[in-house]
Amino acid sequence: MNCCFLLPFILGIPLIWPCFTATEISTTEKVEHPVGSHFRVKRGWMWNQFFVPEERNETNYHIGQLRSDLDNGNNSFQYKLLGAGAGSIFVIDERTGDIYAVQKLDREERSLYTLRAQVIDSTTGRAVEPESEFVIRVSDINDNEPKFLDEPYEAIVPEMSPEGTLVIQVTANDADDPSSGNNARLLYSLLQGQPYFSIEPTTGVIRISTKMDRELQDEYWVIIQAKDMIGLPGALSGTTSVLIKLSDVNDNKPIFKERLYRLTVSESAPAGTSIGKIMAYDNDIGENAEMDYSIEDDSQTFDIITNNKTQEGIVILKKRVDFEQQNQYRFRANVKNRHVDEKLMEYHVEASTTFIRVQVEDEDEPPVFLVPYYLFEIFEESPHGSFVGMVSAMDPDQRKSPVRYSMTRSKVFSIDDNGTIVTTNPLDREISAWHNLSITATEKC
């Protein structure tokens with residue numbers, strides 16, 4: 001006698017789903033006839049796959065029916081369900097062969113159950129059919145929103161990058177079945193970040209849409225949305241944020257904000273003295289803001305060095321100055337970046353310049369004798385008060401202060417305020433033929 005399992009319908013499953021996979025078993029098997037005779041039959045079609053939607057809230061959701069073609073409806077057959085989930089998740093009406101799900105199922109926890117069915121002749125207690133295996137698949141519904149991986153996202157891209165430059169790729173994951181319609185097919189879009197950035201809708205690749213200047217804004221928050229079901233009605237969505245920072249390129253040259261710097265130096269300052277600082281400003285940062293200063297000084301009196309820590313230019317006295325010879329200097333200072341990429345030379349064609357004016361300050365210098373030494377002659381035995389000679393000194397300062405003179409430790413000579421030297425005691429050549437005199441010239445207060 002020929003027998004098989006029948007599955008007439010499955011409630012609630014759209015016809016467009018590939019709901020059932022039929023397997024034709026063409027082998028002949030020996031099957032015991034209810035009345036005891038034995039003969040060989042060719043088994044026919046048997047449905048071996050059922051579907052049940054996930055997240056159904058019905059207590060007893062009808063999945064389908066197992067039925068032997070030997071069942072004539074006289075209630076002599078009994079249907080049994082075996083395997084993982086039988087009796088707890090799935091139950092069968094032993095009389096009709098109807099299968100029900102008694103629990104809400106989650107495809108993301110388990111998507112497939114393999115069960116076995118058996119048909120028993122209730123009058124004899126013997127199997128009518130060999131035990132048969134079949135599958136219940138949990139079909140997907142769109143119950144999971146996209147979730148972004150690898151958060152938080154942060155990217156760095158050079159400022160002034162051209163349109164189309166790759167910034168970063170974000171990726172969302174959808175736990176729904178990618179083979180079930182469009183439930184897990186994602187589309188990406190920008191909620192925040194236009195017009196500076198764009199995103200490829202299917203890959204999540206973020207690109208630059210327009211050139212950006214770090215000196216105007218150095219970071220941007222971009223908000224990305226991922227929608228499943230390719231954005232169709234009923235789609236679920238998830239969002240993430242991306243912090244995009246602009247790294248610096250050397251697109252700014254240093255510039256002096258002052259057109260003229262006024263410095264002073266004392267004429268008494270030794271060579272190597274620092275007489276002042278100048279400062280140029282560069283909107284770039286780090287290595288791109290490092291600069292070098294130079295000066296154009298025809299007198300070769302001054303020099304300039306760069307403070308690498310503060311990026312200031314320090315003006316140095318190269319050789320001593322004399323107020324009475326020259327009391328003012330004026331020269332040009334230049335500044336340029338130390339590191340410039342050839343691709344960015346267009347921003348550094350002309351160096352920034354400024355002028356430096358140095359005022360020499362007069363110092364109160366002592367009087368200076370007109371000659372380094374004097375030689376006088378006088379006869380011995382000359383009377384007291386005899387004229388010996390006259391010395392002269394002058395104030396080298398601009399104010400030309402009057403000078404007074406003094407003599408150190410002499411018992412036979414004296415000097416007056418005009419520098420005139422006279423004798424105060426008789427002279428004896430045989431006792432001393434030479435007298436060395438020490439004269440001091442002092443400004444009068």
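These residue numbers are counts, starting from 1, taken along the chain as shown.
Glycine is no exception: its Cβ is also placed from the backbone N, Cα and C atoms.
Counted with DSSP, the domain 'Cadherin' (68-148) comes out as 0 helix, 38 strand, 43 coil. For 68-148 (among others), the entry in TrEMBL reads domain 'Cadherin'.
Marked as domain 'Cadherin' by TrEMBL: 149-256 (among others).
What TrEMBL records for 257-369 (among others) is domain 'Cadherin'.
Helix, strand and coil residue tallies for the domain 'Cadherin' (370-443), in that order: 0 helix, 23 strand, 51 coil [DSSP]. Annotated domain 'Cadherin' per TrEMBL: 370-443 (among others), in sequence order.
Under the heading signal peptide, TrEMBL lists 1-22.
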Task: Per-residue pLDDT averaged over the domain 'Cadherin' (149-256), given as an integer - done: 95
